[in-house]
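Engineer: Sharing a structure, written as structure tokens. Questions coming.
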């Protein structure tokens with residue numbers, strides 16, 4: 001090792017401030033299979049070299065501080081420090097770089113997403129030498145992945161529990177999201193499930209407010225589930241939101257859901273926190289409950305291109321912490337999400353192994369070993385005319401959540417559910433027959449509407465509804 005990167009006690013202590021790059025920029029370093037690797041989008045302040053900025057990120061997110069301290073001599077920092085080992089300029093940007101940092105596995109507590117993020121996306125994001133900083137991707141080594149339980153059950157086990165194969169899972173978020181009484185809420189759940197949906201969902205805003213306490217909602221929703229199951233012969237469920245102000249209260253709600261015999265509960269994993277989410281995931285596996293995950297607050301963290309954390313990192317963190325579903329954007333609906341980027345983190349959720357893919361924004365190869373996959377959920381501003389595109393984009397292993405696209409049907413909730421189920425079945429049949437959903441999608445929906453008055457009415461209501469705004473977070477492209 002070169003003298004300038006040597007930090008062992010034998011060097012001796014010399015007080016003062018030195019450049020980060022003398023210790024933490026190590027372009028000769030070859031990452032180990034056990035290292036956690038991070039790709040940061042770094043925007044230095046004017047006059048700060050990229051090497052110093054990248055080294056500062058490595059230092060401040062691992063063992064470094066702003067000055068030399070004598071206690072450095074009491075340990076081997078070369079064993080524990082983060083290393084900025086490679087820097088690429090961002091195409092099309094004058095002062096922006098992708099800095100790759102390797103972290104030794106010794107730095108992190110086993111099975112703790114909370115500890116990973118406390119270090120890697122902690123105080124360094126407020127560092128004055130940086131104008132902006134964004135964590136674009138992480139490579140989690142198998143040695144660390146195996147310290148996590150991961151999703152409670154995974155895709156195949158969920159399909160077996162529900163006895164649903166060969167198509168997407170179809171759901172609906174109950175609206176209005178706030179203000180319904182528990183009994184009226186249960187009525188809406190029943191009507192949607194009876195009409196052909198597999199699941200209904202608590203809106204993420206619904207916890208236990210004065211107008212509808214959680215226990216009442218759980219009871220009326222369970223009654224709706226059992227009634228719809230008896231009438232349709234299909235397994236049904238409702239995502240009962242167990243998110244609460246304390247972990248103890250959250251688990252209490254999950255316990256009550258299990259006692260009711262329902263198949264699934266729900267958690268807001270970002271607002272609730274990773275520690276709470278991991279605890280709930282463990283409870284769900286131990287007690288046979290599926291776990292639906294909502295990502296409320298994600299856009300605060302991931303929407304800006306130059307600062308924060310990309311959702312692909314949050315998706316990987318969720319697969320570690322645990323969840324059987326997670327909302328992942330729609331591409332075609334009202335919420336942010338470019339197609340290639342969205343499919344990139346959909347791959348990270350479902351597949352056992354993903355390669356580096358510049359076209360999908362994947363910076364590292366990632367193996368998940370035996371960790372179960374997570375079903376991506378498309379939700380937000382989608383309706384029957386979107387069904388061909390959603391079927392083509394996401395494939396069978398996904399969940400479609402139509403809120404307004406079900407409850408906004410002019411004939412009521414059950415006909416809205418019928419319209420969505422007919423549209424889905426028509427698209428699946430057309431795909432299985434070899435038809436091109438991208439080119440023939442509208443024709444497929446119109447043909448199905450000829451024998452389904454519910455679908456015909458839905459088509460008429462939403463024929464002009466589009467959300468054509470450019471995505472904020474897009475792939476980097478070179479300036480012409």
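Keep in mind that glycine also has a Cβ here, set from the backbone N, Cα and C atoms.
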Engineer: If Swiss-Prot gives 123, 173, 177, 295, 327 as binding substrate, which of 76, 221, 379 does it give for that site as well?
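Structural biologist: Of 76, 221, 379, 379 joins 123, 173, 177, 295, 327 in the substrate site that Swiss-Prot records.
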Engineer: With the substrate site defined by the record as 123, 173, 177, 295, 327, 379, how many Å span the farthest pair of C-alpha atoms?
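Structural biologist: So the maximum pairwise Cα distance among the substrate binders is 37 Å.
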Engineer: Based on Cα distances to residue 295 (substrate binding site), point out the closest of the recorded positions 175, 201, 203, 204.
Structural biologist: 204
Engineer: What is the total of other Cβ atoms whose distance to the Cβ of residue 123 (substrate binding site) is within 10 Å?
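Structural biologist: Residue 123 (substrate binding site): 10 neighbouring Cβ atoms within 10 Å.
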Engineer: Which residues, same chain and not among 201, 203, 204, have a CB within 8 angstroms of the centroid of the CB atoms at the recorded Mg(2+) site?
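Structural biologist: For the Mg(2+) site, the extra neighbours are 173, 174, 177, 202, 205, 206, 239, 241, 266, 294.
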Engineer: What is the separation, in Å, between the Cα atoms of residue 173 (substrate binding site) and residue 201 (N6-carboxylysine)?
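Structural biologist: Roughly 5 Å, rounded to the nearest whole number.
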